[in-house]
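> After the structure tokens below, expect a handful of questions from me.
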């Protein structure tokens, strides 16, 4: 084991020395040739700044510009709320203190912006109602073009309870933006919302019943994706809703689909009602039998069935333990208790000391009157009941009959919703500093993607440039999740442990102590080593003698001249021919039977 350790240490040390020695030799060879260049570089470094350190790429902000026709687009980079109208309404059925929509809005940069010059709409106050809206360039009509709504949200302080969704306000003669409130008719509501641990991404549209004219909200199914990160990571996220004329829809976050479906199949409640409904006037007949099982009417109670037998009986085999104190009560008055000074016997009655466990019973098996313990009665059967059998008159669970739905309609084009002419934010939030940016309403996917790349794309690039390296990210992650430190330690320690194990592992030699555990005689290790060394020395002397003899023979052969060498050369080919002939099968003698 010690030899393995020494070998590992020598290998590591030797490698280091060799590398250092090679580097030193190279430096000695080149030092005279490069001396002048080094002096010049030192002088240049004094006059020029050091640019060897890597610098993070700088992202320059430029306000996005729509590359095609849009119904609405605003990046807020002009620095004002121009075009937006603050609501002056009051919310119904709410205390006057919080009924007003008096929440503050401002246009400003993010608090920790990585893209100077990029401004957005900021919800500034908490625990207040906020409402702000803006007119579209022209109303959006649901015809042959898709509808694409997109905007950015950053929960700069996280989010405790509140929403960041937009409403597309329906085009109606009554629409008045300075009276925008929670009951203002809208066509679509879309965006993130959170309260407690319930994380939502709303897509709701109001569908008009063509028969009654009543509007009903239709909610998209919940996304399968985990939405929590979008609310907690304090990064800017891009929310996109795409509605197509074929009734399909897609919901994207950061340009990745998190939900999709069809307006006809994936909304709750469904757009179209059932063709048939249960008759509300139908009633179950009195003789309708819903019992799948009934008691057997032909069953008879057995004669030996005793319904009066108790479930428990005293154990007749039990005996009173020795030392049982029959005359001692289990509880006695506390001798140390005293009547309270404020005790009024007229009001509280006669005072009695509280009961405590009898100290004499602690050393005894029990006190008081001894009673036999109760055991299960083997003859107990309980009240007799006839066995259950299948009901021959079973008719199943009754349901009212189906009748045609008088309110049935079939709308195969729910995409053709109520036109809208404004976009608004009507929010309640317990968290301030919610940042909105780069709203766009359009019918061209290419234009929306260009707008996203020029706006949100720059934010993403700036965030990436400012992010720490891999080590920094690992440290940040471990600060949020301390158990990651264990993973890091194991990841580093495991390879080191394997290297040590490889270097130090070897076949374990038996020790003298182990030899003594067996009856077989064992040789003395030291004597064997001495004998091996003596044999090795003798072998070395013999090899030296043989080498000297061979050298002497060679010198004698050289003195004899070239005659012997020539004869030897002549004999070699002949000997080789004889050997080949002897190996040939034809020259072998037949074997006698």
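From the backbone N, Cα and C atoms, a Cβ is placed for every residue, glycine too.
Pasting the feature list from Swiss-Prot:
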- 21-482: topological domain 'Lumenal' (TOPO_DOM)
- 138: N6-acetyllysine (MOD_RES)
- 277-410: region 'P domain (Extended arm)' (REGION)
- 282-320: compositional bias 'Basic and acidic residues' (COMPBIAS)
- 315-326: repeat '1-3' (REPEAT)
- 327-360: region 'Interaction with PPIB' (REGION)
- 334-345: repeat '1-4' (REPEAT)
- 504-593: topological domain 'Cytoplasmic' (TOPO_DOM)
- 555: phosphoserine (MOD_RES)
- 563: phosphothreonine (MOD_RES)
- 565: phosphoserine (MOD_RES)
- 584: phosphoserine (MOD_RES)
> Within the topological domain 'Cytoplasmic' (504-593), what mean pLDDT does the predicted structure show?
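Mean pLDDT across the topological domain 'Cytoplasmic' (504-593) comes out at 53.
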> Tally of helix, strand and coil residues over the region 'P domain (Extended arm)' (277-410) according to DSSP?
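Split into helix, strand and coil, the region 'P domain (Extended arm)' (277-410) gives 7 helix, 25 strand, 102 coil.
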> In sequence order, which same-chain residues at least six apart have a C-beta under 8 angstroms from the residue listed as 'N6-acetyllysine'?
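For the residue listed as 'N6-acetyllysine', the qualifying residues are 71, 421.
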